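This report refers to the structure that appears directly beneath it.
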Amino acid sequence: MAKRIDVSGLTAYYGSHMAIEDISMTVEPRSVTAFIGPSGCGKSTFLRTLNRMHEVTPGGRVEGKVLLDDENLYGSGVDPVSVRRTIGMVFQRPNPFPTMSIFDNVAAGLRLNGSYRKNELSDVVEKSLKGANLWNEVKDRLNKPGSGLSGGQQQRLCIARAIAVEPQVLLMDEPCSALDPISTLAIEDLVGELKERFTIVIVTHNMQQAARVSDRTAFFNLSAVGQPGKLIELDDTERIFANPSVQATEDYISGRFG
Amino acid sequence: MSNITVNKSADPASAPQLSTLRQARLPWWGPAAPLALALIIGCGGGALIGLESKIQWGLISAILFVVFTYLLTLKVEGRRQAKNQLATSLVWVCFLLAVIPLASLVYETVDRGSTVLDGYFLGHSMDGTQRMLAGGGVYHALIGTLEQVAIATLIAVPIGLLTAIYLVEYGRGKLAKTVTFFVDVMTGIPSIVAGLFILSLWIIMLDFSYSGFAGAMALAILMMPVVVRSTEEMLKLVPNELREASLALGVPKWRTIIKVVLPTAIGGITTGVMLAVARIAGESAPIVLLVFGNPAINNNPFEDAQSSLPYYIYEQWQNGNEPSYDRAWAAALVLIAFVMILNLVARGIARWKAPKTGR
Ligand SMILES: Nc1ncnc2c1ncn2[C@@H]1O[C@H](COP(=O)(O)OP(=O)(O)OP(=O)(O)O)[C@@H](O)[C@H]1O
Ligand SMILES: [Mg+2]
């Protein structure tokens, strides 16, 4: 199921503003890769180029290649819709559909794609909610609106919604930034479990979190405000936190930055 | 930093400053005395110097009320509170000024309209009724209004909805700007102009005859920009995150719009459509030009002249006798009730469909 991502020479623009420049890296299958770096260095932008969500932003433009196993996501004839079905995404702020119940939220991906059999829908919903560690909290109120959950529960609902369509890669943009330590821990545990099945990329501002959950860590930085963000280094998480090969990485991790 | 502030506020030397938080206040019934005074002077003075109109008395009292409350508060509480009181008084006075005409309009319509409004009136047409005599009814006009408004809605709502979706979800650049501009221009079209347009196009150039449908087309022209505008505003309120969430699940854009964006905005869109319906239900100018008026029942909106409620009111008023005036008031009451029921339905739908909260 899980797939490798190979990025080479990727540059992304907002209109004429170059947000990230010439990024090349490999994301290993069945592993967690963390993206760290100062605010505005283009982590979210880069993450969104990996499932072709960047072009949804008006003026969003991408150059370069992203290979999923051996297929270029930006090749001609590639349908962004099927790319997004293969590479799921969880956003920084929980965004359950307000008109739908908890059940419908999880089922939304399947239903809206029209690709499901009726009798398997409730199995998929149960499996996904269990996968997101939310089943026990919501199993007796599946018909209640999803927006009635707490922030942490909503975020796990969004994770359940994302994994219900069985993607091969899961992109998470600061999934814990609005959550308390206990919900954060629940989601970190979840990431640990999910990596058995998915390739996971997670953006985080929390160094401890990157150290706890990820196998590999990528550090992004920008040389000055208004300059495009660049990949500084990507290595095993232990090495990045113990002795990184670039001085800027060490400065950032140890808080001696800027 | 925070340490310093804590120390300072704990400092006994600054304790007397607390008294700036407390000061003389008028009791809650404070404005009652100026109100009474203003009414006495306004009405009494008005009567003394021989102003005939009660409206003038009321206006004098209102102005005096504002001035008295301001002065009283200034004396007792101080300048800032006086300004606050001034704003409060003005808001109250304006509120009353706005409510009085509305209430008297409703009262007058109900009072005069209910004299002949009964089952017979609702169920019969004017066919065979002498215009100088009592009797007859509004059925033909009610049918006409229902059919014309329904057809206009069927034409205008799909076009308006799709235009708004285009503008919000797809429109970029020149074309979208042009469309927005023309929608704005259309909002300002007087109803008689819409009527003349259909008259010259449909009846004079294409040589069709008068019909409810011709009127409905003119009403649709009036309705469309209102629907576009309100739908556009509602769609813009749908958070972008929801669209992105849906797209990120691999849902195509058109499905995202139908299944996520529209359901989220449906409450507001319905309200907007109903307001547009209410607006065109009272139009008479295009009806005079295009539907022509007809004292008999004509259930077919595509052929021959029909009537409609606003036209009926106008026609009865023109007759210029008591039974006709009664019929006009009763028809006005029916029209208001029609619009009111539509509004209630719209509110019901909006509440029922609104994004749900709570557990
Ligand atoms: N919609 C947009 N339009 C124009 N420029 C944008 C847009 N979104 C982001 N940018 C710019 O792109 C650059 C990278 O932004 P991005 O959101 O990727 O940063 P980030 O690393 O995710 O920051 P944070 O850690 O604060 O989330 C920034 O300079 C930002 O101003
Ligand atoms: Mg970000």
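Heads up, the Cβ atoms here are built off N, Cα and C, so glycines get one too.
What TrEMBL says about this one:
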type	residues	note
TRANSMEM	B:28-49	transmembrane segment
TRANSMEM	B:55-74	transmembrane segment
TRANSMEM	B:86-107	transmembrane segment
DOMAIN	B:142-346	domain 'ABC transmembrane type-1'
TRANSMEM	B:149-168	transmembrane segment
TRANSMEM	B:180-204	transmembrane segment
TRANSMEM	B:210-228	transmembrane segment
TRANSMEM	B:260-281	transmembrane segment
TRANSMEM	B:328-350	transmembrane segment
> Sequence-remote contacts (6 or more beyond its ends) of the transmembrane segment (B:28-49), Cβ cut-off under 8 Å?
Replying inline: 56-62, 64-65, 68-69, 72-73, 76, 85, 89
> Do the transmembrane segment (B:149-168) and the transmembrane segment (B:328-350) share at least 3 Cβ pairs under 8 Å, sequence separation 6 or more?
Replying inline: no
> Which one, B:55-74, B:210-228, B:328-350, has the most C-beta pairs under 8 Å toward the transmembrane segment (B:260-281)?
Replying inline: B:328-350
> Excluding the flanking five residues on each side, which residues at least 6 beyond the ends of the transmembrane segment (B:55-74) place their CB within less than 8 Å of a CB in that stretch?
Replying inline: 26, 30-31, 33-35, 37-39, 41-43, 45-47, 81-82, 84-86, 88-90, 93, 96-97
